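Residues or ranges marked as signal peptide in Swiss-Prot (evidence: sequence analysis): 1-26. Taken from Swiss-Prot, the feature active site, nucleophile applies to 83. Per Swiss-Prot, N-linked glycosylation site is recorded for 196, 465, 561, and the stated evidence type is sequence analysis. Under the heading active site, Swiss-Prot lists 416, 468, 477, citing sequence analysis as support.
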C-alpha cells in the first residue's frame, strides 16, 4: 500500500472471540484482551525462521535468503503491512513505540503478564536491526521492492518478487532512517536493562554508532533509497536526530545528548515547530514531550529555559488534540475520532492517544497541569482523551465495529493483507502464484480464511464511514506503525488492575463472587527430599463472567520459592488446562511449561505468578524438575 504524508493456540483464539463478544454486549472495553491480541499481529508479521513458541499457526518461514545476494544476512524483522517489504523507517518507529511502552508501562504490562510478549516483540525487531548494522557507518534500510511486491498477491511463504536489499552508507546517507533506528535501539536498551543487561548494552552500542552516522552524514533516506519514495516518503530528518538524542540521553544519562538537543533546538525545529501529528514521519511531538519530562522532574539545570520552550510546543500538541488550542485544533470526525488524513488515519489516532497518555503521567507525577489557550487541563483530561480514542477503536463508533481485527463481535473480515486472505501454506500446500492470488483470493467477497488477530486497520473516513473491502486499502490495511502504539495505550488503560481486564472504572465483564465449593483457593507445596527445597503454589480466582452459557474463571497462580537458596530451570506440569495461559512458555512436551527466559531463576523467597482462563475447576499444577 502506498502511504502518503506524513498453550495460546486455536482454543485460546476461539475463547478470545467469546470473551470479546461478552465485552461488547456489556458496552465495556476489555483493554487486557485487546492488548493480548496486538502481540498476535506482530507474530503474523514476522519474517524469517519462526520460533517454536509461534502462536500464529497459519504462518510459516519466509524471507530466509533476504540479503544474501548482497553478501549480508537480513533474515528476520517484520513485514510492513499487508505486503512483504521490510521498510526500515516504520519498522524502527514501531519498535521505538513498543519499547516506550515497556519502559513507561512496565508495571501495567507486568501485572497483565504481557511484559514477556512485549520484549519478544521488541527483540524480533532489534535482532534484525543488529544484523542490518554490520559496520558503524552502514545500515541496511530496506528489503524488497515495493512496486513489484504490490503487483503480486501471494503468501510470504510463496514470495516470487524481488528481495533486493538497500543500504545507507557515507555516500548514500539517511539521517532520518538511521536516527529513528538509533532511537529504537536506545529505547529498547532501556526496556531490556532490568532483564538482560548484556543485550541492553549491545543495543546501546549500536544506537550510539547509528546516531553518530546519522548526524555526521546527513541526508534524506529516500534520496538514497528512491524505491521507498512512493511508500514512506520522509519529510525531513531533523526531528529524528532530536528524537534519537532524547532517547540516548534517557538511556545513558550522558549530557552530550541533552546538549545536542538543546544546542540544535531552534535550528532543527524542536522548539520552533508546533505540530498536530505524531507518526512514523513526524517525531516532533514525541521529542517535545520526552524532553518535557526532564523539566517536570526538576532536572533542567542550565537548560531550563530551552526545555520550557520544548514544553510549550508539547502543550501545543496536547491542547490541539483536546480542542483547547485557541482554534488551532486537530480535526475530529462526528463520532469523536481525531482525523489527520484519509490514508490509514487510525495510525495517527493511536500514536497521539498513547503520547497523551504518556504526557498525562509526566504531568501527574509533577503535580502539574496542561496550560492551554482555552484554559488549564488536569492530567486526567489527557488520559480521558486517550481513552476516548481507544474506545472508538474498540467499537464505540458509528459502525459499532472494532477496528482491531478479532476483537469484539464485529470487526473487519476482508483485511487488505496477503497472508491472511489466502489459505495457510499448511492447509493448501501448493504454491499460490503472483497473478493467481489476485484472481482466486484478492477479489473474493468472502472473509479472510486466516483471522489476523490484533491488527489495527486503516480505519474510517472523516465522516466515520468504513467499507469492509479488501481492495479498499486506504481503510482496510493494517500497519506496524499504526498497531504498535496500542500496546502502551491498552496497557495504560488496563491500569494494572489485578483481577480485571478493564482499566479504571471500565469493567469488562459482569463479575460476581466465585462459587465456593471446588473453586476454593488452596496452597499446595512441593518439597522433594533430595534437595530440601520447597516450592509453594497459591491458586486464586480473581474474576469470573458468563459468555454464552458458560461461566469462565480467571485463575491466578503464585509460585513461591520458600527455600533458602535459588532455583532455576523450573519445569511445571499443568493438567486439566482447557483455556489460554499467560506468563509461562510451553516446552514442546505435553502438559509441560517453564518460566520465561527473563525469569529463569527464582531467588530464595521470591514469587512469580501466571494466569489462565477456563470454565470449570482449576487446573492441576505440579513440579516436574528444577536445578
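Note: Cβ is positioned from N, Cα and C throughout, glycine not excepted.
The residue listed as 'active site, nucleophile' has 416 nearby among the recorded positions 196, 416, 465, 468, 561, counting only those with a Cα within 10 angstroms of its own Cα.
Straight-line distance linking the Cα atoms of residue 561 (N-linked glycosylation site) and residue 196 (N-linked glycosylation site), rounded to a whole number, equals 22 Å. Figure note: comparing Cβ neighbours within 10 Å for the active-site residues 468, 477, the maximum is reached by 477.
Put simply, of the recorded positions 416, 465, 477, the one whose Cα is nearest the Cα of residue 196 (N-linked glycosylation site) is 477.
Secondary structure at residue 561 (N-linked glycosylation site), taken from DSSP and collapsed to helix, strand or coil, is strand. Of all the glycosylation sites listed here (196, 465), the one with the fewest other CB atoms within 10 A of its own CB is 465. Take the Cα of residue 416 (active site) and measure to each of the recorded positions 465, 468, 477: the nearest one is 477. Mapped onto three states, the DSSP output places residue 416 (active site) in coil. Just so you know, the Cβ of residue 83 (active site, nucleophile) picks up 25 other Cβ atoms within 10 Å once every protein chain is counted.
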